[in-house]
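K.L.:
The annotation domain 'Lactate/malate dehydrogenase N-terminal' is assigned in TrEMBL to 5-143. TrEMBL lists Gly10, Ala11, Gly12, Gln13, Ile14, Gly15, Asp34, Asn96, Ile119, Thr120, Asn121 with the feature NAD(+) binding site. As annotated by TrEMBL, substrate binding site applies to Arg83, Arg89, Asn121, Arg152. Look at TrEMBL and you will find 148-306 tagged as domain 'Lactate/malate dehydrogenase C-terminal'. Taken from TrEMBL, the feature active site, proton acceptor covers His176.
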Amino acid sequence: MARPKIALIGAGQIGGTLAHLAAMKELGDVVLFDIAEGIPEGKALDIAESGPAEGFDAALKGTSDYADIAGADVCIVTAGVPRKPGMSRDDLLGINLKVMKAVGEGIAANAPNAFVICITNPLDAMVWALREFSGLPHEKVCGMAGVLDSARFRHFLSLEFGVSMKDVSAFVLGGHGDTMVPLVRYSTVAGVPLPDLVDMGWTTKDKIDAIVQRTRDGGAEIVGLLKSGSAFYAPATSAIEMAEAYLKDQKRVLPCAAWCDGVLNLKGLYVGVPTVIGAGGIERILDIKMTKDEAAMFDHSVDAVKGLVEACKGIDETLA
Ligand code: APR
């Protein structure tokens with residue numbers, strides 16, 4: 001049987017890391033696409049040359065021709081510009097919207113059956129625009145944010161408790177931005193919810209509040225340290241987890257930016273929610289119950305995403 005084909009649109013920091021991870025995990029053959037001359041070819045060759053020592057079987061190709069992504073099973077989109085210190089994700093809107101148009105049309109023409117994972121920021125608005133420009137089914141287009149945000153939350157919690165990250169699960173809802181909603185009640189250590197751990201004296205509410213805020217600011221913390229560019233190792237790893245769930249029909253329960261129409265009181269919006277990812281793409285959305293406070297935070301986040309979608313419509317009238 002032929003190996004799956006994974007197209008990576010954007011061969012920058014995240015794109016290159018995605019290619020390396022996909023090859024090392026033998027998820028399929030990899031096509032790296034970018035408009036920057038020589039970059040996709042150079043990275044593809046460099047990673048291919050790591051194959052003998054690493055011992056993986058995967059073909060890697062770099063290209064600037066959309067025809068080379070033909071028939072891709074998965075497309076992961078990182079094309080666009082990342083943040084610089086002092087910029088919010090929303091500052092990227094105008095530039096990256098134009099990029100989503102080109103990418104959406106390229107995918108529609110060459111890989112219309114692919115499962116598409118968008119990473120480009122501002123995430124929730126860009127995944128919406130990419131779906132609109134590509135015309136692919138909503139369940140086959142999603143955005144990577146929740147896996148990364150909850151990974152950051154899990155990492156910080158594991159440091160606080162001095163336990164393995166493997167035993168910490170975390171739940172993050174809403175848009176990928178300052179309004180994201182880390183749900184403390186649904187976040188656990190080996191099944192024990194965080195409020196119970198406060199009662200047990202393992203931590204304090206103030207410390208949990210600080211960790212929630214650090215999670216919200218997780219991307220900015222990395223941008224501030226790197227000075228040029230934004231995070232790429234953890235974003236790439238998170239998207240690979242989602243791609244693997246699709247390719248292997250794992251039915252993983254993963255938070256991601258999914259099309260919500262008739263769930264969580266939403267009528268047609270991409271926003272971060274818990275989903276089931278399998279061979280059908282986004283197969284299901286968990287229509288969870290929220291407390292009044294949680295619902296208020298979620299609504300605030302939803303309003304922020306709606307504002308960005310409206311801004312996109314103002315920039316490109318074909319989206320209105
Ligand atoms: N088509 C294809 N590739 C493009 C296009 C386009 N129209 N426009 C830009 N690119 C490429 C750039 O040439 C660059 O190689 O996208 C790549 C982006 O890579 P980086 O600048 O290294 O950015 P990266 O850190 O990978 O982040 C990409 O993901 O997390 C988000 O905010 C981040 O929006 C940013 C995206």
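Note: Cβ is positioned from N, Cα and C throughout, glycine not excepted.
Values in this document were obtained by computation on a predicted structure and should not be read as measured data.
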K.L.:
Going by C-alpha positions, which of the recorded positions (Arg83, Arg89, Arg152, His176) is nearest Asp34 (NAD(+) binding site)?
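P.N.:
Answer for the nearest of the recorded positions: Arg83.
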K.L.:
For Asn121 (NAD(+) binding site), which of the recorded positions Arg83, Arg89, Arg152, His176 has the nearest Cα in space?
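P.N.:
Closest by Cα: Arg89.
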K.L.:
Near ligand 1, meaning Cβ under 6 Å from any of its atoms: which of the recorded positions Gly12, Ile14, Ile119, Asn121, Arg152, His176 fit that description?
P.N.:
Gly12, Ile14, Ile119, Asn121
K.L.:
Considering Cα atoms only, can you say which of Gly10, Ile14, Arg83, Ile119, Arg152 is the nearest neighbour of His176 (active site, proton acceptor) among these binding-site residues?
P.N.:
Ile119
K.L.:
When you average the Cβ positions of Arg83, Arg89, Asn121, Arg152 for the substrate site, which other residues in that chain have a Cβ within 8 Å of that mean position?
P.N.:
Pro82, Pro122, Leu123, His176, Gly177, Gly219, Ala220, Val223, Ser230, Ala231
K.L.:
Using all protein chains shown, find which of the recorded positions Arg83, Arg89, Arg152, His176 scores highest when you count other CB atoms within 10 A of its CB.
P.N.:
His176
K.L.:
Using Cβ atoms only, which residues of the same chain lie under 8 Å from Gly10 (NAD(+) binding site) while being at least 6 residues apart in sequence?
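P.N.:
Gly10 (NAD(+) binding site) has long-range Cβ partners Phe33, Asp34, Val77, Thr78, Ala79, Gly80, Thr120.
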K.L.:
Using DSSP, break the domain 'Lactate/malate dehydrogenase N-terminal' (5-143) down into helix, strand and coil residues and give each count.
P.N.:
67 helix, 25 strand, 47 coil
